Amino acid sequence: MRNLKLLKSLQCSELQGLGSPQCFSVRSDTGSLLIASQFSVVEYNPQSGEVVSEASLTADGYLPEDGSGLVVGLQDLAELQSACLATAGGDVVLFNLNTSQLECVGSVDSGLTSMSWSPDEELVILTTQETVIMMTKEFEPVTEVGIHQEDFGEKFITVGWGKKETQFHGSEGKQAAQRKIQDVQPAVAWDDRKPRVTWRGDGQLFAVSAICPQTKVRVWNREGVLQATSEPINGLEQALCWPSGSLIASSQRHPNKHSVVFMEKNGLLHGDFTLPFTKDQVKVKELLWNIDSSVLAVWLDDLAAGGDGKLRSYQLWTVKNYHWYLKQSLDFDRDPLKAPVCICWDPEHPLRLHVVTHNWTSFTYDWGWTTERSPGLDVTDDAGVAVIDGDKLLVTTFRQSVVPPPMCSFELRLKSPVNQVTFLCEATRTNKIAAFTSDGQISIFGKVTAPQDDPLAVRQLLWLQDELFFAVTSGVLPNSQIEVDGVVISVVYSSQTRTMALQLEDGQIKKLLWCPELSVEDWLDSSGCIINFPVPCIQTALCCIGGTEHLLGLTERSHLYAGDTELASNVSSFAVCDDFLLITTHSHICRCLQLSTLTLRLQVALSSDGGQNDETLRRVERGSRIVTVVPQDTRMPRGNLETVHHRALVLAQLRKWLDLRFREAFECMRKLRINLNLIYDHNPKVFLENIQTFITQLNSINHINLFLTELEEDTTCTMYPRPEGSPSQTQPASGQKKVDVVCDALRTAMESMDPNFCLSILTAHVKKTVPELEIALQKVHELRKPPEAAGAVSAEEALKYLLFLVNVNDLYEHSLGTYDFDLVLMVAEKSQKDPKEYLPFLNMLKTLEPNYQRYTIDKHLKRYRKALVHLSKSEEHFIEVLQLVKEQKLFSEALRLYAADSSQFKLSCAYAEHLVEQQQAEQAGLLLWRCGEPARALQAFTSCSSWRNAICVAQQIPLPPDQLALLARDLAKLTEQRRYSEAALLLDQYAKIYMHNRQDITETNLKPALLEVNTQKGFLETQVATFIRHRSRLAVVREQKEKARLDMLEEGPDCGDAELYSEASSVMSGSKYSQSNSRISRSSKNRRKAERKKLSLKEGSPMEDRALMHAMSEIITAVDKMREIHGLLKALVLFQFDKQAEKLQLAYEDALQMMEGAVPEVWPEGLVTGPNSTANSIMASFQQQQQKPAALQQ
């Protein structure tokens, strides 16, 4: 849905030469024109208007001096720095562009009719009236064959379908089988009868058209071997062109129309399009594809005035969706001197066309692709897109319909072909269209004349107000005008800020002020500096980024600029809509960015892939481009059209509606499948304060039910994050969960508004985090009463709806829990249950006493606590109570239900037995002691070493002194638990074992124990030796790893991780461990075991250095815990063991000093070490220390 928009045109009339131009070519390296006439060849620079070089063709006799000579071909040869031209007399001449010398490289006595070079300039085809001559670029003959071949060629294919009489003829009917083959008509009278040569874009094949006696097209390969010959075609004309595609273009005159036809390389017709002329109105002189085969130029001569060909015109055609569009029409003056004689596409710029007239005037036109869309920003804009198709405007209003081209919403037909179209830039009236036609008329449901002397004199047309147009022209218009120093290639206008920006061909940006008078000034930034584009841009738009107005521009190389700042380098199209910038990239992504929060550092936003819930990002089809933007929509072409509701645009509109316009927001969310939780999550406070407005606006039970059933977690934290800079909304401080808050609020509001919301009220009960099914069933039961209001929901309907929300078996169980048998029967009848299953059970329940009945129901529903409550009210069922308590471990609940009597005694004993089984003997002993079982309590206390409670119970029984002493001796086994002081107290006070005045104990027990100091000393020496060994090994390991790191730096100095090798082992080995552990779900004990396995002290292990440091840290911790030897040293000195004390003290002091001195060596600066550090903390500090060198390198 794109049009060709004229960016700039250049007219040069300074060149004057003898005769008239006959052939011309464009130099690819300099852009200058090579023009040959019947007298000379000239290199001319249209930018400067200067003649670069010139040589006479008559001085050396290549052409006659009387001007009757003819140049049949001219080609620039960039590799040879020369131009090759061929004359009708048969000479092939090289024109040296550096020395301006002519050299004849060959001659054909019979004369030449055409010359054509291959695209790679390796071969040249010369034709006479009867032969085809192929030569190399050194002008060595390759082959010479006759044009008129009898053979079809090598690619002849027959499918064996039999005779014409037996074939299927489709819509032509059976009469086609009897129709006689018409004789092929000869060529038209105005045909020049000269052969035409055209190369395929890849240079592997070329086609030659010649008359014999009708026009035929023959296809040859690079070796000069005939490949195929076209079928006889009536009315086939002289024009011939083969693009980079697979189809050859020519023209054909039919009895009732004039067409451009396409042929395959085997010569068969394959498609066409009709020219907008009658049969004998024009002749097609030439067809020319541009360099990328996107535009076909058709050169037409008028035959209406007796075949004098006074009117010359060019048409530019493009194709999309198998439909050919006429995009531009260039009608030249009837003056023969101003009529064009040569036309050529630029070899470097696909949309640049060069034209030379009889009077040596040259025209250079530069077009660009553009999408003409209406500029409206509100709902009054229909989002119209206008497509030019000859004298028709195909208008599609995307707000009402999405119609793929070439179809449209409606057509506007004009009297002349349309060259430009524009929409009115005035707010609320942006649906009006103006068209500028090739005859110089501006049509707005009427006409405004814009006089023009040259074709396409008026360009960059903008419709600003009802009677105010803006245009760029190289001439003079009768209305207000201002001269701009430079060539304007684009104009853009913002209806919001009323700013108009101009872009010149060198990238300069100008601001046009048109109130109160026209003036042009430089585009300045906030600091007063002049802002220009680094390179010219093919698409521009005005927008505000961060509160400052910027001019955005997209270049041919996909770079997006804001003034002189590059925003992105991978952009295929962009559009500005209200406060959003939409961008499509060549990586098939559409980004929708909010301009108010955007900065000029757009590269960072585009480079990030975004999270799963990034609303600014959307994947699109390969090659998608933005056509237009409607509020909440973007539409992009992928052959046809794809309607895309970009999440960022949709959410931005929803956030505006969700303040109070709940109806519009709900319909949009339901249509586009936006999670309905956003209605509440956007602003919980506003929703709860206006909950009755929400219900009133929706006014639909189904919609309210849909909202309730979708309630879940806060979507603004997961699915739809809030935009940056937006205020965060606080949740209600009630402590309830969100689902419960919304359900309760809606239920309360609906109960106070209208009884017809019964189904929604049931939904609110069921949807809560703990479904209130009993309450919902009770409400259904209440509906069995005759309804008071008309249209009220019946109990049957309510129950059927409830069964839709809840599993029928669950609902049956909950109905049974209401103890209402009528409700149970009502639910059971709706279920799939067999009455034989539930009726006997219900009949049995009806025969039971009420409390026992409810106990039975609760036990059946596994509601054991409720069952216990009901059963405790029947004293005759205490045995069942005790059994239920034991089975379901409901001892605490049972003790609350019974007073301090015999029943509680039995429950306490049962509870105590249960506690003993659970290894909680002390609590069991307390219960037994409480309920008067001191003997069993004593046994429980003794088993758990609760000696104080045991002594108290023993004294309460009371036990005889000898048994009490025996009990104390048994309890004195506390020494096994290292509770020596308590064991001594028991033996002293209750076992009556007196240890006082025993001087012999010092000699028999204390001194031998002190002499065991050698054990402490041996342990200390072992720890020191192990520490020294680990320390030495650590130095060796670190040296090896430093050497490995240096070797790596020598091999690859750019390795960013090389510094890590000084402190870490092989990354590959380390990653193996991490991968194997990550695949297995381990318990915390097993994970710690796996971590310990990593720290192996085996030499050469991946983490040997870390393991050594971990082992030395444990040694330091163990030695630090030996500080208790201070008391041992005092006792040794007291009993005159001075030598032993001295040796132990020196050994401990040496060990501490050695380890303290080794700390800086083992643990570099910055590591957390010491006796109070754990292995994990030391390892974490060590890893941080490793990362510092890498951070310093970055």
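Start at 1 and count along the chain as shown; that gives each residue its number.
For all residues, glycine too, the Cβ spot is worked out from N, Cα and C.
Noted in TrEMBL for the protein shown:
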COMPBIAS  1071-1081  compositional bias 'Low complexity'
COMPBIAS  1082-1092  compositional bias 'Basic residues'
COMPBIAS  1093-1102  compositional bias 'Basic and acidic residues'
DOMAIN    1-348  domain 'ELP1 first N-terminal beta-propeller'
DOMAIN    387-449  domain 'ELP1 N-terminal second beta-propeller'
DOMAIN    479-627  domain 'ELP1 N-terminal second beta-propeller'
DOMAIN    647-845  domain 'ELP1 alpha-solenoid'
DOMAIN    852-992  domain 'ELP1 TPR'
DOMAIN    1000-1162  domain 'ELP1 three-helical bundle'
REGION    1069-1102  region 'Disordered'
Take the domain 'ELP1 N-terminal second beta-propeller' (387-449) and count its residues per DSSP category (helix H/G/I, strand E/B, coil), listing them in that order.
0 helix, 31 strand, 32 coil
Under DSSP, the domain 'ELP1 N-terminal second beta-propeller' (479-627) has how many residues in helix, strand and coil?
9 helix, 69 strand, 71 coil
With DSSP as the yardstick, break the domain 'ELP1 TPR' (852-992) down into helix, strand and coil residue counts.
112 helix, 0 strand, 29 coil
Across the domain 'ELP1 alpha-solenoid' (647-845), average pLDDT on the 0 to 100 scale:
78
